[in-house]
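Let me give you the structure first, and then I'll get to my questions.
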Amino acid sequence: MSKEKFERTKPHVNVGTIGHVDHGKTTLTAAITTVLAKTYGGSARAFDQIDNAPEEKARGITINTSHVEYDTPTRHYAHVDCPGHADYVKNMITGAAQMDGAILVVAATDGPMPQTREHILLGRQVGVPYIIVFLNKCDMVDDEELLELVEMEVRELLSQYDFPGDDTPIVRGSALKALEGDAEWEAKIIELAGHLDTYIPEPERAIDKPFLLPIEDVFSISGRGTVVTGRVERGIIKVGEEVEIVGIKETAKTTCTGVEMFRKLLDEGRAGENVGVLLRGIKREEIERGQVLAKPGTINPHTKFESEVYILSKDEGGRHTPFFKGYRPQFYFRTTDVTGTIELPEGVEMVMPGDNIKMVVTLIHPIAMDDGLRFAIREGGRTVGAGVVAKVLG
């Protein structure tokens, strides 16, 4: 069994626990690692190892997150769990832990609570594609009708936020009993793992997506033309392929006539690599940092979008004062800042440091964007918030 661990051939899937405080997210995380280690090999993680989550920084924001790993026979999972509600909000908005799917933990003793709703809404806004439900503490509920009622409430709540509530897998279990080694409840953890394997599709790898490279620098090389450099965000660029230059200015088409890395010429540049791309017939001044190179027709420039944002607290180095509706900060997308104006939701007059809020942003220049793109909010180069494009509007 111990040989399992070194197999790097299994598909890698990112998941996490979400749900209301004290409904048992961390206990479930410990139970999954323990039961799966016992059944399929791998290492168990104790509750307290997960609970005192280390601090990490994402876009200048401090987040407490625990990362655990576990295996099923067909997949390798990386799982994130956060101790506090604020950590979840920050984590989901910054995309520090991108999830291919989430396990929503709901205590059968309480049913859905305010944070249950908020985490489902956040999941919808930030693009968590799949949710599986673990109905926890079922050992404490004898009444079958009550369990059915809670299940129905959870399904309705999911449907309300455009998740397929009627078809969502719901597992009735007890994380604590499973952790204590009770076989009846351990079986429920195996059932949950089975849903992870079958309900969450294998994520598309960055390399299989359409090519996109955020431009960091532009050089002109005499006799050869213009070179742009940056890290390939997704896909592959091959010499001879057509690309579009998108954002800030009118979209332009050109051809890649060369790819180089560390001064060596290559046939192609792949997701994750830092490359220089030589472009045919483009002048140095026609292209700038903040634009992207992309496979033609795969991404468009936009100026207006709905977003979900988290505003840093004073302790995190954010603003000391609230802001109001005339606020005009910079929005930092990929490699550049663009000034924008904001519209707050109806009835909201001001936003305090430490808040998370939905806002509509209008930028002064178009930026290549899709739903799910992350950004920072800055004032004079200092990060004061983080956000995600929930829906492109225009």
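The backbone N, Cα and C atoms fix where each Cβ goes, glycine too.
Feature table excerpt (Swiss-Prot):
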type	residues	note
BINDING	19-26, 81-85, 136-139	GTP binding site
BINDING	THR26	Mg(2+) binding site
DOMAIN	10-204	domain 'tr-type G'
REGION	19-26	region 'G1'
REGION	60-64	region 'G2'
REGION	81-84	region 'G3'
REGION	136-139	region 'G4'
Mind checking which residues of the chain, 6+ beyond the ends of the region 'G3' (81-84), have their Cβ under 8 Å from one of its Cβ atoms?
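Counting only partners 6 or more residues beyond its ends, the region 'G3' (81-84) has Cβ contacts under 8 Å with 16-17, 21, 25-26, 29, 50-53, 63-66, 68, 91.
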Taking the Cβ of each of the binding-site residues and counting other Cβ atoms inside 10 Å, which one has the highest number: CYS82, CYS138?
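The residue with the densest Cβ neighbourhood is CYS82.
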Let's check the environment of THR26 (Mg(2+) binding site): how many other CB atoms sit within 10 Å of its CB?
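Step by step: centre on the Cβ of THR26 (Mg(2+) binding site), count other Cβ atoms within 10 Å, giving 22.
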Quickly jot the same-chain residues contacting the region 'G2' (60-64) by Cβ under 8 Å, restricted to those at least six beyond its ends, or write none.
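Result: 53-54, 82-84, 87, 90-91, 94, 96, 310, 312, 316-317, 376, 383, 386.
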If you measure the residue listed as 'Mg(2+) binding site' to CYS82 (GTP binding site) at Cα, how many Å is it?
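That comes out at 8 Å between the alpha carbons.
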May I ask which residues of the same chain, at least 6 positions away in sequence, place their Cβ under 8 angstroms from the Cβ of LYS25 (GTP binding site)?
THR17, ILE18, GLY19, ASP81, VAL105
Under 8 Å Cβ-Cβ from HIS85 (GTP binding site), six or more apart in the same chain: what's there?
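Same-chain residues close to HIS85 (GTP binding site) (Cβ under 8 Å, separated by 6 or more) are VAL21, GLN115, GLU118.
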Mind giving me a neighbour count for ASP22 (GTP binding site)? Other Cβ atoms within 10 Å of its Cβ, every protein chain shown.
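Excluding its own Cβ, ASP22 (GTP binding site) sees 12 Cβ atoms within 10 Å.
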So if I draw a 10 Å sphere around the Cβ of GLY19 (GTP binding site), how many other Cβ atoms end up inside it?
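Neighbour count, Cβ to Cβ under the 10 Å cut-off: 27.
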What does DSSP give as the helix, strand and coil breakdown of the region 'G2' (60-64)?
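In the region 'G2' (60-64), the DSSP-based counts are 0 helix, 4 strand, 1 coil.
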Work out, from DSSP, the number of helix, strand and coil residues along the region 'G1' (19-26).
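Grouping H, G, I as helix and E, B as strand yields 2 helix, 1 strand, 5 coil.
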Tell me the residue counts in helix, strand and coil for the region 'G3' (81-84), as DSSP assigns them.
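With helix first, then strand, then coil, the region 'G3' (81-84) has 0 helix, 1 strand, 3 coil.
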Could you give me the DSSP helix, strand and coil counts for the region 'G4' (136-139)?
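Reading the DSSP string over the region 'G4' (136-139) gives 2 helix, 1 strand, 1 coil.
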